[in-house]
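Novice: Got a structure for you, written out below as structure tokens; questions coming shortly.
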Amino acid sequence: MTLLALGINHKTAPVSLRERVTFSPDTLDQALESLLSQPMVQGGVVLSTCNRTELYLSVEEQDNLHDKLVRWLCDYHNLDEEEVRNSLYWHHDNDAVSHLMRVASGLDSLVLGEPQILGQVKKAFADSGRGHANASELERMFQKSFSVAKRVRTETDIGASAVSVAFAACTLARQIFESLSTVTVMLVGAGETIELAARHLREHNVQKMIIANRTRERAQRLADEVGAEVIGLGDIDERLKDADIIISSTASPLPIIGKGMMERALKARRNQPMLLVDIAVPRDVEPEVGKLANAYLYSVDDLQSIIQHNLAQRKAAAVQAESIVEQEACEFMAWLRAQSVSETIREYRAQADQVREELTSKALAALRTGGDAEAIMQDLARKLTNRLIHTPTKSLQQAARDGDDERLHILRNSLGLE
């Protein structure tokens, strides 16, 4: 049995290929059934995200194993083998375990240390239940990887610093305001970055959120999710005074918030400070706003410097995380090797028990017929010894006849003679 990981990801293949190798949730059971029907596959888990498609397998080693798996993958997706082959990577046994642990810990992600991948790996494991039901080593590998990912999060700072624009904006807000539970945030736009920012803010219990967007319908969907109020872009001038923090990210070609608008808002607020985080390109906030007293304006470039600093911190933490993964992978493989010999030990013990029961039964029968007890016990001990050492003796003799000194040494060592 061999543990095997194969796949493609954002490092090895463009999105035009990755999107054609994905496994949709609707057809996952069908894919697993097809995969498990391959004679060499004992168990499998399919991980398919926007950045990677990977198969984690328990397989029987055989000739042309890689070719057979590539052929299955390409046949299933109706792809040309040559198109896929150069983008695939393969990891066996210890390397497969290390790879899964790295993936689950966010060490192999497009955004180093991102936490979402652990949830995706857990979901893949759950959704692939039929694929690993009869592959205990595969189940154990995933369960161990989940605990390693948790350890990496706990013992390192891999996820402590913001490395996305949305998260950096929220981190900046939390640094300036002691608590978000007393502030009102206005989010301008309703795109992906604003969605991420809204979710971060909700997690930190912001007092109130106002979403201003050109299309109210899209904004309303996000507002329903995070518990926010929706206004139109034309309402910003009137409502700006209510916001302590403004995070803006639209596709507008012209600024949405100007100096005059901010002056009116600050006057209405009696010059209580306002934080503006403009992450739009082109900018949503006129640069002159940053010159106003009590208006603290940060651009996407300011955030990038924060992100680069934090990314450097994550890379430093990743060194520690890699050490944890290496240690845990080695320990897991040692455990797995010990498990692989357990069945052999059970068979050997059962064989010895069978000999014991056979000879003991004969000895007891002899005792019942009135035979000499001491002679019967001596005979039992002699026969038991001879039967138990018969096979090791034959192995020693054969090794000697073959002139195999290394095998002789191993046999002597295993018998406790060295």
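Glycine is no exception: its Cβ is also placed from the backbone N, Cα and C atoms.
Sharing the features that Swiss-Prot gives for it:
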- C50: active site, nucleophile (ACT_SITE)
- T49, C50, N51, R52, S109, E114, P115, Q116, Q120: substrate binding site (BINDING)
- G189, A190, G191, E192, T193, I194: NADP(+) binding site (BINDING)
- H99: site 'Important for activity' (SITE)
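Give me the local environment of each listed feature.
Specialist: Within its own chain, C50 (active site, nucleophile) has V15, R18 as residues 6 or more apart in sequence whose C-beta sits under 8 angstroms from its own. Secondary structure at C50 (active site, nucleophile), as computed by DSSP, is coil.
DSSP assigns P115 (substrate binding site) to coil, not to a helix or a strand.
Taken residue by residue with DSSP, A190 (NADP(+) binding site) is part of neither helix nor strand, so it is coil. Listed in sequence order, I211, N213, T215, R218, A219, L222 are the same-chain residues six or more apart from A190 (NADP(+) binding site) with CB atoms under 8 A from its CB.
Cβ neighbour count for H99 (site 'Important for activity') (all protein chains, 10 Å cutoff from its Cβ): 25.
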Novice: Determine, to the nearest whole angstrom, how far the Cα atom of H99 (site 'Important for activity') is from the Cα atom of S109 (substrate binding site).
Specialist: 11
Novice: Taking only the Cα atoms, work out how far N51 (substrate binding site) lies from I194 (NADP(+) binding site), in Å, as a whole number.
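Specialist: Answer for this pair: 21 Å between alpha carbons.
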Novice: Would you identify the secondary structure of Q120 (substrate binding site) according to DSSP, in three states?
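Specialist: Where Q120 (substrate binding site) sits, the three-state DSSP reduction gives helix.
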Novice: Rank the binding-site residues G189, G191 by how many other Cβ atoms lie within 10 Å of each Cβ and give me the one with the fewest.
Specialist: G191
Novice: Cα-Cα, whole number of Å: E192 (NADP(+) binding site) versus P115 (substrate binding site)?
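Specialist: On Cα coordinates alone, these residues lie 17 Å apart.
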Novice: Using the recorded NADP(+) site (G189, A190, G191, E192, T193, I194) as reference, state which further residues of the same chain have their Cβ within 8 Å of the centre of those residues' Cβ atoms, listed in sequence order.
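Specialist: Sorted by sequence, the hits are L187, E195, L196, A197, S249, T250.
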